[in-house]
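A.B. asks: I am attaching a structure below and will ask some questions about it afterwards.
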Amino acid sequence: MKKTIFQQLFLSVCALTVALPCSAQSPETSGKEFTLEQLMPGGKEFYNFYPEYVVGLQWMGDNYVFIEGDDLVFNKANGKSAQTTRFSAADLNALMPEGCKFQTTDAFPSFRTLDAGRGLVVLFTQGGLVGFDMLARKVTYLFDTNEETASLDFSPVGDRVAYVRNHNLYIARGGKLGEGMSRAIAVTIDGTETLVYGQAVHQREFGIEKGTFWSPKGSCLAFYRMDQSMVKPTPIVDYHPLEAESKPLYYPMAGTPSHHVTVGIYHLATGKTVYLQTGEPKEKFLTNLSWSPDENILYVAEVNRAQNECKVNAYDAETGRFVRTLFVETDKHYVEPLHPLTFLPGSNNQFIWQSRRDGWNHLYLYDTTGRLIRQVTKGEWEVTNFAGFDPKGTRLYFESTEASPLERHFYCIDIKGGKTKDLTPESGMHRTQLSPDGSAIIDIFQSPTVPRKVTVTNIGKGSHTLLEAKNPDTGYAMPEIRTGTIMAADGQTPLYYKLTMPLHFDPAKKYPVIVYVYGGPHAQLVTKTWRSSVGGWDIYMAQKGYAVFTVDSRGSANRGAAFEQVIHRRLGQTEMADQMCGVDFLKSQSWVDADRIGVHGWSYGGFMTTNLMLTHGDVFKVGVAGGPVIDWNRYEIMYGERYFDAPQENPEGYDAANLLKRAGDLKGRLMLIHGAIDPVVVWQHSLLFLDACVKARTYPDYYVYPSHEHNVMGPDRVHLYETITRYFTDHL
């Protein structure tokens, strides 16, 4: 087959690709070998080989709480030591009214803190929720729940909970002890399958994780209302009953009508509900809701259907009327607001906004007239988590990639601007929780050689180590893990990779290699975490004599807007070119058997796997594609149109990425795997690809998990990866 001009240019660039100096974790070749039950989440022994962690660790004011054995532990963060108070399940049982005692177990009930100042937690028990005041040592109220109760959202005070049942929204007030449960208030009564309240909307894109939003004092509840009646339903079939049952999934596909979302505000004092007057067009995205501290204004980041414009609008909470547009952000590719406004402590008119307007996600200080006061953080790195403020409200705390795209560190900076200060300088990945008053942090740290270390730090006063996890791999054979960089297909962008070498590696021998790929937005597979972010299956395959290689190609996360947006309107092209540069690097290694290269990925990685098998069948002998996007016309609007635009606007891009049209190009062994009730990449994708292959007289293999959605989770995940392993060992 003749090579196109693009392929010739691509091969020329990759021929120049060299790996920059790499680092390696030394192998431990003696010891036992792992099983999948030990390496895979859901496996019977997985948690025996998972780094130790502190269960339920979270802040309560300047105290932190967690579960240890059968006890709830309550610690005062005061520098280099900890003042500890313990409550056992037995202690709590003694405080409970008759008939509400905890079951006798070795594990303490799960919980969450509610009100930072009052020591209030909610304990999740069978049949209900228990409000417990740790400082007063008493049970304060009870909430009755059942399996139909969903989307629980507690008020800031903690005495009320909003929830969804049968598509309607309710608010319940906890009953006092001895008085039974109070009756719930129905905020809405007309909910149906096509009209839903209080749930996450817009396919959970734009950072949307829930559908209810309490005002700061708990006086009002804002909520989403989603009308799906204009969306053609996709059937999701449950095959377990004697007669299979079909349930509709209202899944708006690219280029088709989208659902209509509005925002309501329920006022508890009057029982009145008003809806924001967001106007026309109705097909837009209402994202990142946030309240003003005085509860008078609700702010909404409104994104147009084309997703190239974001307006931050203010609405009157009493009437729902539009007040003003604070500012507008546009981008020639796409905008993607992910975070609501965060007001400065004690201020009703100044807030922090996160934006990629300069090419990197940074923090900006605004006032409520829409005036930009200043850009607070700046540089060719990404703020990955805005944590909050110091007690005086003069400094910001955040996590970022300033040290390296592979790391996260916790920084502070003066709100007036200036140099950032790294408060967690140890090289690796720091996941932090700032205390509500901004005086202390919980730092959960990992590095390639540190399984997990948990430290509580009073900022400027000292630290207390809560946990230093032991190496869970002790006594087991571990392969060498190499990390480094290669050059992208553009010849100028470094890409990070990880390479798990075969166990008992002999440089004089030849070994097969499996490329594990994702390649799409919002994912980063190579980081400086435990085992250099190498997963359990990589180690399992190394035991069987395979190398496993992963490179984060352009389009993946945390490298800035230009790095990600290069894929816009042409998904699968730039990412594939970069992945092939990774293959070129592998082929340059004397120990790689170039005739035995495989590829595996899931979701976007399933799309990439199938694409690579169809495009480079002369390179990849075997592929396993899980939950693959096959035709982007059949993917949902919010994600698909952001990166592709609408099919009517970019028919060439959709056509180039439509793998149905290339089913006849399949040469190697390809197995597709799909969950039969997948609501993310609907089953239709891989089924239609099979149909196209039948017509083209090509012969993929296929495996279905009837009881699983987009990912195969729980104990069946071990079965999944045994299936994948067998496919590679049989054919590669």
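A Cβ is built for glycine as well, from the same backbone N, Cα and C atoms used for every other residue.
So Swiss-Prot has the following annotated:
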ACT_SITE  S603  active site, charge relay system
ACT_SITE  D678  active site, charge relay system
ACT_SITE  H710  active site, charge relay system
SIGNAL    1-24  signal peptide
A.B. asks: Using Cβ-Cβ distances, find the residues under 8 Å from S603 (active site, charge relay system) that belong to the same chain and are at least 6 apart in sequence, listing them in sequence order.
C.D. replies: Y518, G520, G626, G627, P628, V629, V680, V681, H710
A.B. asks: Is it possible to get the count of other C-beta atoms within 10 angstroms of the C-beta of D678 (active site, charge relay system)?
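C.D. replies: The answer is 21 other Cβ atoms.
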A.B. asks: If you count Cβ atoms within 10 Å of the Cβ of H710 (active site, charge relay system), leaving out that atom itself, what do you get?
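C.D. replies: H710 (active site, charge relay system) is surrounded by 17 other Cβ atoms within 10 Å.
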